[in-house]
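As given in Swiss-Prot:
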DISULFID  43-93  disulfide bond
DOMAIN    43-93  domain 'BPTI/Kunitz inhibitor 1'
DISULFID  51-76  disulfide bond
DISULFID  68-89  disulfide bond
CARBOHYD  90  N-linked glycosylation site
DISULFID  101-151  disulfide bond
DOMAIN    101-151  domain 'BPTI/Kunitz inhibitor 2'
CARBOHYD  123  N-linked glycosylation site
DISULFID  126-147  disulfide bond
CARBOHYD  161  N-linked glycosylation site
């Protein structure tokens, strides 16, 4: 019988496949796939960042403007979208690819009320929304089929090659 164990530790997902009743730990975990979040994922984290100290500054990526911006506060937590300096934020976020399927839904502006589809990374499904007709982002598909085809197999994780002795 095979068992699957999953662990998430500091943005790295460990998935171990093993056998029940094996005599040694080496036999119990015969295969291990390790995944880590793509480097740009922290830039898109929507969770609210809170800072313990209001002294000094930190930087975070503004998904609406597409730029890193300085914010008040240090010793921040709560979300992954915070960096010690503007330089570190720029290095991580400004040139990072942002696949359409990774973007949050953007309803746009206007009164067109166009039915469209977007990929919801939380549920890994294509969902319908009403598009205003102006601006928005590339996570905006004309049909559910186009959304599913574009985002098929999309993941915020990448496989890391590891050799286990």
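Cβ atoms are placed via backbone N, Cα and C, with glycine included.
The shown structure was predicted, so the numbers you read here are calculated from the model rather than taken from an experiment.
Shown here: features listed in Swiss-Prot, placed on the structure.
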{"residue": "51", "record": "disulfide bond", "contacts (Cβ under 8 Å, 6+ apart)": "58, 71, 72, 73, 74, 75, 76, 77, 82"}
{"residue": "68", "record": "disulfide bond", "contacts (Cβ under 8 Å, 6+ apart)": "59, 60, 61, 62, 83, 86, 89, 90, 93, 94"}
{"residue": "101", "record": "disulfide bond", "contacts (Cβ under 8 Å, 6+ apart)": "119, 121, 139, 150, 151, 154"}
{"residue": "123", "record": "N-linked glycosylation site", "contacts (Cβ under 8 Å, 6+ apart)": "none"}
{"residue": "126", "record": "disulfide bond", "contacts (Cβ under 8 Å, 6+ apart)": "117, 118, 119, 120, 141, 144, 147, 148, 151"}
Please list the DSSP helix, strand and coil residue counts for the domain 'BPTI/Kunitz inhibitor 2' (101-151).
10 helix, 17 strand, 24 coil
Which has the fewest other CB atoms in a 10 Å radius around its CB: 43, 76, 151, the listed disulfide-bonded residues?
76
What average pLDDT does the predicted model assign to the domain 'BPTI/Kunitz inhibitor 2' (101-151)?
94
Work out the three-state DSSP category of residue 43 (disulfide bond).
helix
